[in-house]
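Participant: Quick one: the structure is below, and I'll ask about it shortly.
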Amino acid sequence: MRHGDISSSNDTVGVAVVNYKMPRLHDRAGVLENARKIADMMIGMKTGLPGMDLVVFPEYSTQGIMYNEEEMYATAATIPGDETAIFSAACREADTWGIFSITGEQHEDHPNKPPYNTLILIDNKGEIVQRYRKILPWCPIEGWYPGDTTYVTEGPKGLKISLIICDDGNYPEIWRDCAMKGAELIVRCQGYMYPAKDQQVMMSKAMAWANNCYVAVANAAGFDGVYSYFGHSAIIGFDGRTLGETGEEEYGIQYAQLSVSAIRDARENDQSQNHIFKLLHRGYSGVHAAGDGDKGVADCPFEFYKLWVTDAQKAQERVEAITRDTVGVADCRVGNLPVEKTVEA
């Protein structure tokens, strides 16, 4: 893991993250103009960072937040589509992989159902190699239709990459899911605003440490007329230490080199802090001393997760018993979310 240079090597993946200024757009023409601006920025960055293998732009950086519902549906894109064609051309010209936001991506039943909040990973040949749909939209504000799975893709120089989006990152489960599928770099694209800056910076660092993985965060900056976005895009080592972090500046960039061999060596040879290994080999020292085998205990000890998998409805009811049983809150209503209990069919 190295920071401070503009290079990369056969063993290091040069990763850049961008504090892209949150755009305020209203129509397809504006979206496509902004997509071309992102493409131009990427190509320019490659000149300044010749070692750059991967560049990451924030959530909402392409379309902005459409606060008008009609505009949200009217600007919802297809994948592939006009926006992705612009990004693919830039990836080819810059000979660089890119991660871009599509908010939203048309639902299969468009326009009868809300769009998805989607990230795409495009390789240096211009091919879309991963499409991730946000699993945990930022309720109650975000009205995106939720996705249902994470992915791992072999990226530049073989580094294994997963994508997550903004509020996804507040749930340890999604990080663990990516890591246990083999992700070595988890990319978190955000359109995160104040007041939750400190919590979000802390969460990404903690999850890098807990999952023995690299983390790259790209967050929006600026004010879009509604929210103020705190930036602080960052690249974090698999030991939880920050390699590089921007401030709040619009269009700020950070860059670091992530060693492929170093993370694989750590996962194979580290012991006391090898969290992903130890989780599935619980208490192996004591189990071995007892003569009960040399693998520790693999069984899941967490009753909640067992219940969630075997009876999701009962798990939901258990959560409601310690929180609330409606999605809306009577004392602070948001939209038309119900504040009286409803029964699902």
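Note: Cβ is positioned from N, Cα and C throughout, glycine not excepted.
Here Swiss-Prot flags 13-260 as domain 'CN hydrolase'. Here Swiss-Prot flags Glu59 as active site, proton acceptor, drawing on similarity to another entry. If you look up Swiss-Prot, you'll see Lys134 marked as active site, proton donor. Annotation comment: Swiss-Prot describes Cys166 as active site, nucleophile, evidence class similarity to another entry.
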Participant: Taking DSSP three-state, what's the residue listed as 'active site, nucleophile' in: helix, strand or coil?
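Facilitator: Reduced to three states, the DSSP call for the residue listed as 'active site, nucleophile' is helix.
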Participant: Along the domain 'CN hydrolase' (13-260), what average pLDDT does this model show?
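Facilitator: So the average pLDDT across the domain 'CN hydrolase' (13-260) works out to 98.
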Participant: Taking only same-chain residues 6+ apart in sequence, whose CB is under 8 Å from that of the residue listed as 'active site, proton acceptor', what do you get?
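Facilitator: Ser101, Thr103, Asn117, Leu119, Ile165, Cys166, Cys189, Gln190, Gly191, Ala220 - these are the non-local Cβ neighbours of the residue listed as 'active site, proton acceptor', listed in sequence order.
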Participant: With an 8 Å cut-off on Cβ-Cβ distance and a minimum sequence separation of at least 6, pull the same-chain contacts of Lys134 (active site, proton donor), or say none.
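Facilitator: Looking at Cβ-Cβ distances below 8 Å from Lys134 (active site, proton donor), excluding near sequence neighbours, one finds Tyr116, Asn117, Thr118, Leu119, Trp144, Pro146, Gly147, Ile164, Ile165, Cys166, Asp167, Asp168.
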